[in-house]
Amino acid sequence: MSELKPIEIKEDAKPRDFEAFQLRLASPDRIKAWSHGEVKKPETINYRTLKPERDGLFCAKIFGPIRDYECLCGKYKKMRYKGIKCEKCGVEVTTSKVRRSRMGHIELVTPVAHIWYVNSLPSRIGTLLGIKMKDLERVLYYEAYIVENPGDAFYDNENSKKVDLYDVLNEEQYVLLEQKFSESGFKARMGGEVIRDLLASLDLVSILDQLKIEIESTNSEAKKKTIVKRLKVVESFLNSGNRPEWMMITNLPVLPPDLRPLVSLDGGKFAVSDVNDLYRRVINRNTRLKRLMELDAPEIIIRNEKRMLQEAVDALFDNGRRANAVKGANKRPLKSLSEIIKGKQGRFRQNLLGKRVDFSGRSVIVVGPKLRMDQCGLPKKMALELFKPHLLARLEEKGYATTVKQAKKMIEDKTNEVWECLEEVVADHPVMLNRAPTLHKMSIQAFHPVLIEGKAIQLHPLVCSAFNADFDGDQMAVHVPLSQEAIAECKILMLSSMNILLPASGKAVTVPSQDMVLGIYYLSLEKNEAVGANKIFASVDEVMIAVEAHYLDLHAKIKTMVEGRTVFTTAGRLIIKSILPNLKENSVPESMWNKVMKKKDIANLVDYVYKNGGLEVTAGFLDKLKNLGFRYATKAGISISIADIIIPESKYSYVDEAKKRVREIQNQYGSGLLTDSERYNKIVDIWTDTNNKVAAEMMKLIKTDKSGFNSIYMMADSGARGSAAQIRQLAGMRGLMAKPDGSIIETPITSNFREGLNVLEYFISTHGARKGLADTALKTANAGYLTRKLIDVAQNVKVTMDDCGTHEGVEITEITENGELIESLEERVLGRVLSDDVIDPITNEILFTEGTLIDEVKARTITDAGIKSVSIRTPITCKASKGVCSKCYGINLGEGKLVKPGEAVGIISAQSIGEPGTQLTLRTFHIGGTASTEQQDRQVVAQKEGFIRYYNLKTYENNNKFIVTNRRNAAILLVEPKIKAPFDGEINIEVAHEDINVIIKGKSDEVKYVLRKHDLAKPNELAGVSGKVEGKFYIPYIKGDKVKENESIVEVIKEGWNVPNRIPFASEVKVADGDPVTQDILSGANGVLKFYILKGDYLERIKNVKKGDMVSEKGLFVVIADDDDREAVRHYIPRNSVIKFNDSDIVSAKDTIAKPQDGSKLVIAEWDPYSTPVIAEEAGTVAYEDIEPGYSVAEQYDEATGESRLVINEYLPSGVKPTIVISTKSGKLIRYQLEPKTAIFVKDGAEVSRADTIAKTPKAVAKSKDITGGLPRVSELFEARRPKNTAIIAEIDGTIKFDKPLRSKERIIIMAEDGSSAEYLIDKSRQIQVRDGEFVHAGEKLTDGLVSSHDVLRILGEKALHYYLISEIQQVYRSQGVAISDKHIEIIVSQMLRQVKIVDSGHTNFIVGDMVSRRKFREENDRIMKIGGEPAIAEPVLLGVTRAAIGSDSVISAASFQETTKVLTEASIAAKFDYLEDLKENVILGRMIPVGTGLYQDKKVKIKINED
């Protein structure tokens, strides 16, 4: 390798572009070839002449001249001597910037280990040689010997313990063995030289073969792990062409001097880079060692010097990694080469990813209400500086100045010509504004500058929310785009009038807020006794004249002609109507403007205009809206006065009554009727209830005050500022406050801010206020860090193709919580592509085929058809090899169109999730710590009509009450019939491939009905383990059941309440199986009533239904037909309903068609919200076990009844398990283990009957929710951390069986129907949530705790994980009112799943247990299968975002994220290639990024120009 010459790339010969970047180990020869000379002296510069010393660290001969084209001694100056070497000083005459790239080297006297390969786990040198890191260090630091050749040496005299190669010996062992066996070839040495020789002598190929044999033969897992570690290192050396001995340094490279500068400060001092100090120590020690060796010094001294040299080199590469860090003059550790590149201040993040740029400036912002949407006000002073070069050119071009110098003078003097030219330059040159923190793409937008006087930038009020800016002193930065392409992109893509929709949710972001909302709201209000009320006007113009002449109030109700129709409206609303744009197709419907316009309504209006009119129309409309809002907010003269804050009279009586009720509860507690937690819960409930009552009264008062024109009410109601919760604090009562730990203080603040707080109340308030401020400060950092991790994991996701061709998808339904709709199916399916046909449940025809993109109209059609679940394509199921495809992503929410290839969807997703994170954290203190607890649920109520079906539900009867005895796997369903049996017969159910056939066999006939398999509710959905049941089919019979004619055999589930999520154990059921549930049925459409009866699976028309009839048969439907005789709506009329119209009557949408006959059964079940009862399953006699007063239970005396009750202590001695045992007549023993704080309701030896309550356990105390749970919860989910108390989850469906405990752990066995079983050992401290003999589904929790996402993936698969993660993450954001589209979370989740774990390596190069990216896995398997080999098998793994980002395929991207040294160590040994496919690595290398318009770089682009 001696022919390697010094390389220097001349400026013009630099490669303009390169395909890939590879990191390798440098061989000693390569280092020498890079070098321009050896650095022999530790000197830097001469302190008198300030010239660099020769052969020193800054030597000009080695590194190049200090001044351009000038040698050191001054013999050659000027450009004409370029390339000449001065004979006197040896310096080449060239530019001084070669000092940034020329390297030197130091020849070390002894080989030294590179600390990264010794100390970075796993230690690469140690792994290769198969010795421990500690031992390796002892050898390198001259504390121990390593055996180089064992010869025939033995440790003992019997010659049984052989000395092996690479054994590490201490001094005594070495001396002994050396004396005995030196003749027989024994040899051992210490230090870097021996390690280098051993590495050089390794035969990697034979080691590889040997390891592969070992791994096959060993059974121990631990051994396998170590072998695999070693295999990986050996393989990477073999594949990369690196040699192991290169990990030892013989030639130490010296960094170019301009990268470790030495700057002189005033006062004769110097600022020196730490690296120079570290190099000086290496050179000093190296020279001393050389001298000592020449002098033949004693071994011990030389050894010591060698050790010091090793330490000096260690400190240079990574100071403080091993021993104590080397400190400088000022007692702080010196910054080594590793520290220079890593961390926030390191090379990557400080200088490569975040550079300061020219042509930028910053200033304070003020509001610019007169600007257009796409304009910003730029101070002349700033513009002058920013556009200086443009200005100089323009002045010369126009002939005002002849030289640059003259032009500069003109600019300094600010002559009139300068201003004239500046106007011209700025006229068509957009600028970009940025507000830090730049959390999403809307934080940088382009504007056309308008030159203004003053020093502050003016910002359009509507773009404030996108920037999250306000005018309380915020600053913004201005950047000037320079190239033509950049200017074009600013105008086409980044102009603020183009960024109207938020990429996170597709909602408009430039919506009027605050004053503007207030103005428009005021304009749209109605007033009863106003001037000119109830008049009729001929046209809109006439109305305007009347208003201007003061003959008509803005708020008066009037009648006028609008677009050829008579409309009841007000003058104010007509003014709003006058600014609405003329849309080509569908003009804005009257219902959108002829009403009180609150913030939501204005947002909907903007959305509508955008969807139907496009960008330009919307931008113009928004400006008009802004002007209108400001104008009328000013005219309205709304202000706050103390008189607006009205305190209801009834407040004081409510508070007194509450105090009385609290006293009663305290007395009950004092007499032992209640447990402490029950007392606490009840008190908190009373005050919450009182607060709500007072608030309701107060809102009623304020709402009616000044007939709706109360200033405070207007502000809150319009959505301009404030909320009901805040008005409640002003005029109602402040309510309950929370402590910093989230628990509620039971003493409420009964005063409000108008009355003022007393000292105690003020003190209680400080808790919340202080917590708010502290949280804000802490969480902003967390949210920023989360964003950074998300960006890093998703930065390589871009749209790479139109369609990946997959048929897979994920089923989605509407999201409800406790029966309340959270997000409708319509919203969720909007902008997605179907992965399966959508079939109309009523007509069974295909509405939309697979591959259809769902827009607003189609989404509406889907919900109108009553479809409850749709299967859509998602990024998680996308099969594109890199990134995602357009179809799986759906629409780009920022544009509202299908996403185009090249869009950086990963970055958009990460920003969309990260950006609200900071808002979440900032949102805690707005409620000022006021506790928010809802009152507990006590019952479930039916919202729909139909009849009841029990699914697996078992009940006990006790005193004519029916008590639920199931703890799981049961439900009460509300259904309507879908298919009725046409005759008596036997039912048979067959499962075909995708279908289910329901067959009824009668005496002579047979009929078959075909259903789609996935339309049927699955058992785990019915049990509430996963998914939704609404809209699915239910078959209440099993194979072989007999059915009667007209009995319903297939039903549609309308509502489902499962046990235990919706109906707790031991609830009282109020409806029997088969009971009808009736409601008032509203028509819902205008049209003709037609009655039908269900026969088999079709509807048969019946005409004999009359008003007043009572329905007695299952299967009566009413259809309302519209003018074209098409079905508009269909309703099921249950039994016990009274019909209110005759057949073929005409009805309107608000008519009630049918009513319940009596006060219908609406309550399905009810229960005690505060405690969970323990119920006797059978009658028998009670016996106590481990229940001893004063030991495991305490006695609580009840004065009112004179009885005492036993309550289990909160903390029990270990091994004590208070239990009630019931022995039945048949001699069976039933055991009930009681939890702490349980109150016992039966005496020892008492007789109990079935379903009696024997004890009650209080439910846990409610803590008020705060986003503190939010942000940590989100990062916990994205990091895929296992929660502290992970729930143990059933892995298979089956029946629970308790086995005898093992080592004080409970043993649970699940027996599946096919005979397989799974066993779980559960710690005694955990609460077990299953009972013996119960049936559980895979994925159900067996113990308390949070579900770990890893378990979900392992047991239920990727789609279940998708459902779980998205619903958990969305829950946090929704609780804060933040809308984020699911697809963003899906992109991140798909990145967390981008690696797989090899289970079986087949014929591939993978090793079992390896984690590889899916892409590598697919490529390798394709390669093996092409040559006819066995492919590898892998299982999906879930990685947290940090792990996933560090495991990125790109070296540069991973290194710039975290754990830089580790990433670089691994990459250099494996000689990894980085193909520069993604964003981050290209930013770092300063290339065009390969997304968006960057995709078309170097391609020819045709541009079409629209003539119009």
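All residue numbers here begin at 1 and follow the chain in the order shown.
Every residue gets a Cβ built from N, Cα and C, even glycine.
Together with Cys804, Cys885, Cys888, Swiss-Prot lists one candidate of Cys490, Cys878 for binding Zn(2+) 2, that being Cys878.
There are 25 other Cβ atoms within 10 Å of the Cβ belonging to Cys71 (Zn(2+) 1 binding site). DSSP classifies Cys888 (Zn(2+) 2 binding site) as helix under the three-state reduction. When the alpha carbons of Cys804 (Zn(2+) 2 binding site) and Asp474 (Mg(2+) binding site) are compared, the span between them is 46 angstrom.
The sparsest Cβ neighbourhood within 10 Å, among the listed binding-site residues (Cys89, Cys878, Cys888), is found at Cys89.
Long-range Cβ neighbours of Cys73 (Zn(2+) 1 binding site) (same chain, at least 6 residues apart, Cβ-Cβ under 8 Å): Cys86, Lys88, Cys89, Val91.
Put simply, Asp474 is the one of the binding-site residues Asp470, Asp472, Asp474, Cys878, Cys888 whose Cα lies nearest to the Cα of Cys71 (Zn(2+) 1 binding site). A distance of 44 Å separates the Cα atom of Cys885 (Zn(2+) 2 binding site) from that of Asp472 (Mg(2+) binding site). Minimal Cβ crowding within 10 Å, among the binding-site residues Asp470, Asp472, Asp474, is found at Asp472. Taking CA atoms as the reference points, Asp474 (Mg(2+) binding site) and Cys878 (Zn(2+) 2 binding site) are 43 Å apart. Counting every protein chain shown, the Cβ of Cys86 (Zn(2+) 1 binding site) has 20 other Cβ atoms within 10 Å. Other residues of the same chain near the Mg(2+) site, with their Cβ within 8 Å of the Cβ centroid of Asp470, Asp472, Asp474, are Ile365, Ala469, Phe471, Gly473.
Considering only the binding-site residues Cys804, Cys885, the Cβ with the fewest other Cβ atoms within 10 Å is that of Cys804. Taking the mean position of the Cβ atoms of Cys804, Cys878, Cys885, Cys888 as the Zn(2+) 2 site, the remaining residues of that chain whose Cβ falls within 8 Å of it are Met801, Asp803, Thr806, Arg873, Pro875, Thr877, Lys879, Ala880, Val884, Ser886, Lys887, Tyr889. Counting only the Cα atoms, the space from Cys878 (Zn(2+) 2 binding site) to Asp470 (Mg(2+) binding site) is about 41 angstrom.
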